[in-house]
């Protein structure tokens with residue numbers, strides 16, 4: 001058949017795969033999967049035009065193609081370079097790439113504050129993972145880091161410009177998902193910053209997706225702000241019939257007990273959302289009764305979020321009731337009566353924004 | 001059969017001699033050991049008045065630290081709680097309001113911080129995990145208590161006094 005598409009043969013780290021012409025090296029590597037997939041901070045497969053900004057996905061092309069076997073002179077961004085037939089690419093097998101990636105991480109961290117203990121993204125932050133895997137443990141930067149004031153983007157989103165790595169993902173999200181984009185990047189070079197001009201509110205049905213899309217903690221959920229750490233929450237898959245026709249209603253609820261602390265879209269192994277969700281699902285449905293819970297979400301066991309989640313664990317049964325003819329064991333202390341944490345009167349997940357010192361008063365009095 | 005120890009002795013079933021039948025000799029022998037112990041160096045100390053020196057790596061009761069301006073260092077990052085093998089630490093974070101800058105060092109702080117000393121095994125992992133130098137294990141014992149409720153240490157038990165005001 002004449003119109004049958006010719007597949008390109010590409011070898012990445014000595015693994016050969018056949019892909020359609022026009023595929024980028026990054027996507028070809030993702031077809032193979034595993035350790036050889038270059039990390040990506042700015043490329044997002046669901047957003048058109050993303051990629052090419054952060055340079056973390058740099059790879060070395062050791063053989064250009066079958067027709068022109070010369071290697072490419074410089075490392076190339078794999079998210080923007082399309083494959084050629086017979087191309088050979090070295091990612092983790094090339095010390096040059098590993099070294100370059102280490103430098104890129106250092107560059108990304110030059111202006112990034114070290115406020116992971118405060119940041120809500122910690123534990124699911126791509127920059128944290130990236131610097132842990134590829135970076136150095138100490139900084140060589142001796143100058144003042146650029147700082148910005150925190151900005152409220154609308155009622156539900158908090159922008160920490162200091163943490164931003166200028167990946168443009170949120171700009172593409174707002175451009176492609178919502179009717180009208182109100183924020184963008186102002187300034188150039190070192191002065192560039194994400195901003196809404198004259199700090200205009202962002203109110204679009206899908207603007208909440210910029211939180212999920214952000215690889216760092218620059219855009220965070222204000223309804224979840226400082227409420228809890230992600231690794232103390234239990235992610236469960238849930239869905240609801242959303243009135244918004246564009247919203248799939250399939251989400252992850254981050255729960256603690258029966259409280260829904262936050263709602264996010266489901267993310268795949270590359271940290272990209274499977275389908276976008278609307279702001280009603282994300283910010284306003286914080287009751288368990290709003291959702292149909294499907295079951296616990298599978299979390300990679302190398303993630304800190306999986307701490308305390310044991311797979312296939314058989315919980316030991318309480319035997320005292322059986323042995324003592326149905327009498328319950330006598331509790332010497334009920335921790336919920338003594339503990340100041342997790343009081344039933346204070347429902348942190350129901351508070352609109354972050355909790356403040358007033359929120360911990362019971363009947364107007366501070367208990368401690 | 002070979003003896004298990006070199007101190008085993010065959011049971012002596014000979015009839016007792018006259019001195020042995022008096023029993024006095026054996027009592028003198030026993031009292032000699034008793035009085036010898038009276039003059040030996042004692043292995044115990046009189047505890048409340050006299051205290052043994054702590055090892056430099058001793059890990060005792062926790063404190064929550066303040067910085068030199070008296071602001072709480074803890075930001076409720078949860079690293080102590082996640083590293084705690086006994087799951088003794090719980091906390092609730094809150095955002096610092098304008099006007100509270102003299103109380104809390106960072107924009108986020110622990111509104112509630114609790115260590116269950118019944119669960120704590122004093123391993124010191126929390127101290128190691130803390131990125132803010134906020135929690136330390138001191139050279140003090142966790143004091144005894146009559147009730148279990150007294151072992152739930154909140155922030156008012158753990159925070160050190162303000163270095164400026166002393167309160």
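Heads up, the Cβ atoms here are built off N, Cα and C, so glycines get one too.
Taken from TrEMBL, the feature domain '4Fe-4S ferredoxin-type' applies to B:65-94, B:111-140. The [4Fe-4S] cluster 1 binding site annotation in TrEMBL covers B:74, B:77, B:80, B:130. The [4Fe-4S] cluster 2 binding site annotation in TrEMBL covers B:84, B:120, B:123, B:126.
Overlay of TrEMBL feature records on the structure.
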{"residue": "B:74", "record": "[4Fe-4S] cluster 1 binding site", "contacts (Cβ under 8 Å, 6+ apart)": "B:64, B:65, B:91, B:109, B:110, B:113, B:132, B:134, B:135"}
{"residue": "B:77", "record": "[4Fe-4S] cluster 1 binding site", "contacts (Cβ under 8 Å, 6+ apart)": "B:131, B:132"}
{"residue": "B:80", "record": "[4Fe-4S] cluster 1 binding site", "contacts (Cβ under 8 Å, 6+ apart)": "B:89, B:125, B:126, B:127, B:129, B:130, B:135"}
{"residue": "B:84", "record": "[4Fe-4S] cluster 2 binding site", "contacts (Cβ under 8 Å, 6+ apart)": "B:125, B:126"}
{"residue": "B:120", "record": "[4Fe-4S] cluster 2 binding site", "contacts (Cβ under 8 Å, 6+ apart)": "B:62, B:86, B:88, B:142"}
{"residue": "B:123", "record": "[4Fe-4S] cluster 2 binding site", "contacts (Cβ under 8 Å, 6+ apart)": "B:59, B:85, B:86"}
Mind checking which residues reach the domain '4Fe-4S ferredoxin-type' (B:65-94)? Cβ under 8 Å, same chain, six or more beyond either end.
101-106, 108-121, 123, 125-136, 159-160, 162-165
Checking interface proximity: list the binding-site residues among B:74, B:80, B:84, B:123, B:126 whose CB sits under 8 Å from a chain A CB, in sequence order.
none
On the three-state reduction of DSSP, what should I expect for residue B:80 ([4Fe-4S] cluster 1 binding site)?
helix
DSSP says what for the domain '4Fe-4S ferredoxin-type' (B:111-140): how many helix, strand, coil residues?
5 helix, 9 strand, 16 coil
Counting across all protein chains present, how many other Cβ atoms fall within 10 Å of the Cβ of residue B:126 ([4Fe-4S] cluster 2 binding site)?
23
Cβ-Cβ neighbours of residue B:130 ([4Fe-4S] cluster 1 binding site) (radius 10 Å):
21
Cβ within 8 Å of the mean position of the Cβ atoms of B:84, B:120, B:123, B:126: remaining residues of the chain near [4Fe-4S] cluster 2:
B:80, B:83, B:85, B:86, B:88, B:89, B:115, B:121, B:122, B:124, B:125
